[in-house]
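See structure below.
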Amino acid sequence: MGSDKRVSRTERSGRYGSIIDRDDRDERESRSRRRDSDYKRSSDDRRGDRYDDYRDYDSPERERERRNSDRSEDGYHSDGDYGEHDYRHDISDERESKTIMLRGLPITITESDIREMMESFEGPQPADVRLMKRKTGVSRGFAFVEFYHLQDATSWMEANQKKLVIQGKHIAMHYSNPRPKFEDWLCNKCCLNNFRKRLKCFRCGADKFDSEQEVPPGTTESVQSVDYYCDTIILRNIAPHTVVDSIMTALSPYASLAVNNIRLIKDKQTQQNRGFAFVQLSSAMDASQLLQILQSLHPPLKIDGKTIGVDFAKSARKDLVLPDGNRVSAFSVASTAIAAAQWSSTQSQSGEGGSVDYSYLQPGQDGYAQYAQYSQDYQQFYQQQAGGLESDASSASGTAVTTTSAAVVSQSPQLYNQTSNPPSSPTEEAQPSTSTSTQAPAASPTGVVPGTKYAVPDTSTYQYDESSGYYYDPTTGLYYDPNSQYYYNSLTQQYLYWDGEKETYMLAAESNSHQQTGLPPAKEGKEKKEKPKSKTAQQIAKDMERWAKSLNKQKENFKNSFQPVNSLREEERRESAAADAGFALFEKKGALAERQQLIPELVRNGDEDNPLKRGLVAAYSGDSDNEEELVERLESEEEKLADWKKMACLLCRRQFPNKDALVRHQQLSDLHKQNMDIYRRSRLSEQELEALELREREMKYRDRAAERREKYGIPEPPEPKRKKQFDAGTVNYEQPTKDGIDHSNIGNKMLQAMGWREGSGLGRKCQGITAPIEAQVRLKGAGLGAKGSAYGLSGADSYKDAVRKAMFARFTEME
């Protein structure tokens, strides 16, 4: 037993070899499998978090800005992917770049910590710091630091010897080199730049193979390799309360700028800065020079204590690529949409009779100074866009661009003046119709030719275009307006509508001309009264103008609402008291009658002095008797009743110290409301006055019960109803002892069984009672044994017998 030694597991062996080798081999294989799975999972996490984490910054302004812009340098893409940076670096293949990658960062570090650490070093300062995060907000352990110039990045790396110490941890630094951009492909249908691994377009679902065949080789590579230059630069990391004057003061040593050259982006709700602004210069060369100056500043530019990042402003959308490989600016789609509507409306107005012409406001007229600056800015902006569009499109296809200067200039916010011109000849009247008919076949580049049959449009496939506000149809290339249900052709600048019977797209102008010329002259009067069911291009333009006015009014009301309440009330009391005293001295008793006589003279004089009779909305067509146009016409005329230079209300004949007091007077004063009501009624015709009274009657509550009482009188109240009395029915219940107890009861039978006989007493010797015990009623409140506490009353006695016995007992007690 002692010699038998048990073989240990480490010493076992067999014909299959040592178990040690087998266990080691299995362990190595399982360890390699786990390592492969972990590597695959980490790569999947990087690929899945690529889009969400790259935008997850501490600054929401920078997040919105990067989401709305295309970064050509770092390879951001509009479909949700970007050319990822090479995270697994090879030192031998590392190339110098402006972006430096910091690896091995602590999990608790933030972007602000990295930025503070970078600012503490002497030398060039970074332009941007981006910390990579997961969807949960936890840091992924690496970040990107971007410099303005390549020299700054290389000098900073050499000064720190590619190593940093952050929070007691050694951080490795590497140059970040993005993946090659020529691997990405451009969709030929919707012109979207897709990530290289996508086999179908992210937006329209087109195959990658078709786009690679149709697009000429080298087009995307040559386009993407060119840097983006424009006349506008963007300023990032602006403080929430920075104003335009501060930006102008900071940029004044480097460029001469005006207020209209700077656009500070603010939040619509909070009215605070969103963190960036745009500076537009006269040319792209000036913008490039200013950008180089600002990027070369040491220390960098600071406004209100915050370091400002400077770069070229990129477009929010990719440029459109024509089938032959040339590019056209996508901004022209949004810019020509409203211009085409206003241009077609002016063409249709000149083609109908030719007696009305709409020109710009002349110097000296009311409203000229207010709109002169805006008109100049808009004209300059859209002329630059139109010039770029014409040069690109003409070099691309060799055809003339249909965008005219009149259509571009009409985009500016203008007031039009109505003048009379001699009537044109019939040939001139026919020119607009012939031009539209000849332009219809020219819509072939978008795939839509009016008159040919097409499939029924599928609105579920449309994509929303933020720049124009329309929905883009990738199959036909048209832009769809859901409000008016019209399609817009961006090349021919025409509005179309879908005809279900003919299964084709029809021109909106043709439908309007058919309605006007197809009916006999006898029915023209009825046709003017009937409202057209379908909207034409001029009605769409009116809707756009009305919408713009409503937005401006909402902004003004929103600004005026933010005023201290106490100061408003005190100023209102002082002004109202002084105004009432002055009004009582001058007006006396005949104020109302004199005012009614004065208002028509005031309006007549205003019409003679101001040739601007009607606004832009009423000038589009002669049929302006509907309610919306009537309200707009009255509002435009009411604006003339206030003199904003003298701060006086011409209607009430009162002067105020400032603009706020005048605005409060117009909005809150009962006197102004009363005078305005009289003024409006005096300006209305009989038909309009009847329509207004009818609408007021409909808005008021109609007491039909009072009308019935006045007509038929008050009826007499009805007689009160008598309550019905029901007699309680007699209930027959069992009374077994009413006639006495007989010998048939159970107790009697039990006693007889024990030897008892009727008439004898109870007990062994028959010494007990012989009659049954009778029930007696005791008086309430009487104690046991008290005199008169009980009187003889059986349970079978009626109420009458019980009362008689009680009276007899009481009588005997009294004796």
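Even glycines carry a Cβ here, placed using N, Cα and C.
Segment annotation: Swiss-Prot labels zinc finger over residues 647-672 (candidates 153-178, 569-594, 647-672).
Across the domain 'RRM 2' (231-315), DSSP classifies residues as 23 helix, 26 strand, 36 coil. Across the zinc finger (647-672), DSSP helix (H, G, I), strand (E, B) and coil residues number 13 helix, 4 strand, 9 coil. On the 0 to 100 pLDDT scale, the model's mean across the domain 'RRM 1' (98-178) is 86.
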